[in-house]
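Features of the protein shown, as given by TrEMBL:
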TRANSMEM  30-54  transmembrane segment
DOMAIN    45-294  domain 'G-protein coupled receptors family 1 profile'
TRANSMEM  66-92  transmembrane segment
TRANSMEM  104-124  transmembrane segment
TRANSMEM  145-172  transmembrane segment
TRANSMEM  204-225  transmembrane segment
TRANSMEM  246-265  transmembrane segment
TRANSMEM  277-296  transmembrane segment
Amino acid sequence: METSMEVSNTTRVQAFILLGLSTRPDLRGVLFVVFLTLYQLTLLENSLIIYLVCSHSELHKPMYFFLGNLSCLEMSYVSVTMPSLLVGLWAGPFHVPFTACMTQLFFFMSLLGTKCTLLASMAYDRYVAICRPLHYPLLMRPRVCLGLALTSWLGGLVVSIIKTACIASLSYCGPNVLNHFFCDVSPLLNLSCTHVALTELVDFISAIVIFCGTLLVALGSYVAIGRAVLRMPSAATRHKAFSTCASHLLVVGIFYSATIFIYARPSRIEAMDLNKVLSVIYTVVTPLCSPVIYCLRNREVRAVLRRALLRPRVSTAWAGVPASFHGHAHRQRGTWKKIRVWLELCYLY
């Protein structure tokens with residue numbers, strides 16, 4: 001009898017069942033197409049930003065350095081959660097091994113912490129550029145920018161190691177059903193059969209430090225920018241600056257509101273449907289909107305994009321090619337021209 005009790009107490013869940021975003025078969029097909037399209041658009045937008053920043057010297061500035069880091073992060077961030085979301089919509093509830101679940105949680109928490117710190121760094125960069133323009137070359141020199149970026153990535157990595165280790169050390173004796181579309185903190189804590197007070201405290205403190213700390217830096221920077229903009233003599237300049245800051249604050253506000261509500265709470269969240277809706281906002285919506293708001297609405301980025309799309313092709317590559325192939329080349333160039341015009345209409349207008 002004692003032996004059987006010991007075996008039952010040491011039994012651990014070997015896999016979890018993810019229910020997915022929706023369990024209704026009539027909705028899953030439509031949602032699969034919608035989210036697959038959003039995923040592809042997110043990858044396309046952020047890949048485009050990384051290409052423009054890396055290949056054009058006029059974008060080799062601190063602001064675009066951070067935007068390139070953000071685009072790289074958004075691609076990784078959305079690729080951690082979106083595949084499991086799409087699998088759940090395509091196949092319904094599915095099994096995820098314990099190790100794979102903890103691995104997904106580790107990468108997700110690491111990228112989430114990195115994004116918070118990176119958004120604060122970008123807000124500080126804009127503060128220095130607008131409020132202290134004469135000191136900008138010194139305060140935002142390449143070594144400082146590289147240090148801020150490395151701090152963002154390494155800080156998220158360290159926090160993720162601590163939080164994942166705490167959650168992985170808990171005992172999961174069953175049930176093993178996660179009412180979510182990826183392995184997140186709150187659903188896992190709800191399934192733990194051991195005392196989770198210490199883990200919840202670690203999760204709460206790290207959330208306060210990462211989320212609220214970086215949010216205060218971002219808000220303080222934007223408040224200082226707003227005060228500086230109000231002192232500008234030109235009404236047109238003030239309107240343009242406020243329009244840019246308002247769009248940035250919208251993305252920051254939506255992202256932080258959802259993440260703080262979920263992670264900066266000292267108790268487990270029971271309303272899993274609300275949890276899934278908020279998770280969609282900061283795992284799908286913000287990575288899709290960030291490139292448009294931060295980059296594609298920027299006049300300098302749009303000018304570079306227009307030149308990249310409409311740049312004439314050099315014909316020297318066809319030197320020595322027989323004339324019979326030239327007609328085919330002209331047809332190909334005509335096709336590429338149509339594609340470039342379509343992309344310009346999508347991203348510039």
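Cβ atoms are placed via backbone N, Cα and C, with glycine included.
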Check your understanding: Is it true that the transmembrane segment (145-172) and the transmembrane segment (277-296) have 3 or more Cβ pairs under 8 Å, skipping pairs fewer than 6 apart in sequence?
Key -> no
Check your understanding: By a Cβ-Cβ criterion of under 8 Å, what residues six or more beyond either terminus of the transmembrane segment (277-296) are in contact with it?
Key -> 21, 35, 38-39, 41-42, 45-46, 48-49, 52, 67, 70-71, 74-75, 77-78, 81-82, 85, 122, 180-182, 184, 247-248, 250-251, 254-255, 258-259, 261-262, 302, 305, 347-348
Check your understanding: Of the stretches 66-92, 204-225, 246-265, which racks up the most C-beta pairs under 8 Å with the transmembrane segment (30-54)?
Key -> 66-92
